[in-house]
Amino acid sequence: MTSKQLKLVIITGMSGAGKTVAMQSLEDLGYFCVDNLPPSLLPKFWELMKESDKMDKIALVMDLRGREFFDSIEPALDELDNTNFITTKILFLEADDKVLVSRYKETRRHHPLEPNGSVLDGINAERELLSDLKGRSQLVINTSNMAPRELRERINNEFQTEDKDVFNVQLMSFGFKYGIPIDADLVFDVRFLPNPHYIDKMRPLTGLDEDVYEYVMKWPETQTFLDKLVDLLMFTLPFYKREGKTQLVIAIGCTGGQHRSVALTEFVGKAIQQKYETTISHRDMKRRKGR
């Protein structure tokens, strides 16, 4: 039996306050997420998680959809408090009555406590029933004035670990003749640069070979472009991260994806990885190698 420590976040609170956004944010942070687990199943669930080597961060959404919620949530939490291998944090999301009513009207949903009655009556009943749980929560967030992006940013600030940057930049070279990568967020065309393909000895090589790399890099327009591109990315990447993105795919393309785009992708990747977790790949480099 393993003695590892599990981190548990219980997401709860008012219906319509943003629990789904919170769960998605924690999932992006590497949490194993379960939506609407009945409280009575918590002890068995913990034992299973404790035996897993792949799960050490868990987030559970627990709310009124669980019919036994109010009867069993308090005993389940008391049992967790006495469990030495789990560190528990309760995240309680709330919003003002006026805001919750407005959100229900926008989505045309009924309140779970008043499926055939007044939304406001359901909100008032839910708020009263959740008052004790709110009191024992370690983190309470009022989302009345928050857009989903702002809630994601708040969740990231509260829960991301210091030893892991959850924002990953993927640099990819490609050849336009084979199509633009469908998963690219940003695409840069470097076909304006001198092409080593027309030099016989370089034709079978790639941008990873020293001769090709130096040839591509020697041109003033290459250096000017790289200076501007790296500057642009260093300026914009923090804002993509702020928007809640956990991954950004940047594609750099030339004609065949063998020479220019490969060399520039290597250069840009090495510059970006000084600050961000970065993955470098060359989609089309081997298609023509040796021909």
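First residue shown is number 1, and so on along the chain.
Glycine residues also receive a Cβ, built from the backbone N, Cα and C atoms like all the rest.
Quick look at what Swiss-Prot annotates:
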| type | residues | note |
| --- | --- | --- |
| BINDING | Gly13, Met14, Ser15, Gly16, Ala17, Gly18, Lys19, Thr20 | ATP binding site |
| BINDING | Asp63, Leu64, Arg65, Gly66 | GTP binding site |
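Other than the site residues Gly13, Met14, Ser15, Gly16, Ala17, Gly18, Lys19, Thr20, same-chain residues with C-beta atoms no more than 8 angstroms from the centre of those residues' C-beta atoms, the ATP site, are Asp63, Leu93, Glu94, Ala95, Thr143. Cα spacing between Gly16 (ATP binding site) and Asp63 (GTP binding site): 11 Å, rounded to the nearest whole number. There are 13 other CB atoms within 10 A of the CB of Thr20 (ATP binding site), with all protein chains counted.
A 10 Å cutoff on Cβ-Cβ distances gives Ala17 (ATP binding site) a total of 25 other Cβ atoms nearby, all chains included. Within 10 Å of the C-beta of Met14 (ATP binding site) there are 25 other C-beta atoms, taking all protein chains into account. For Gly13 (ATP binding site), other Cβ atoms within 10 Å of its Cβ number 28.
Within 10 Å of Asp63 (GTP binding site), counting CA to CA, the binding-site residues Ala17, Gly18, Thr20 contribute nothing.
In three-state terms derived from DSSP, Gly18 (ATP binding site) belongs to neither a helical nor a strand segment and is classed as coil. For Gly18 (ATP binding site), the Cβ neighbour count at a 10 Å cut-off comes to 25, with all displayed protein chains included.
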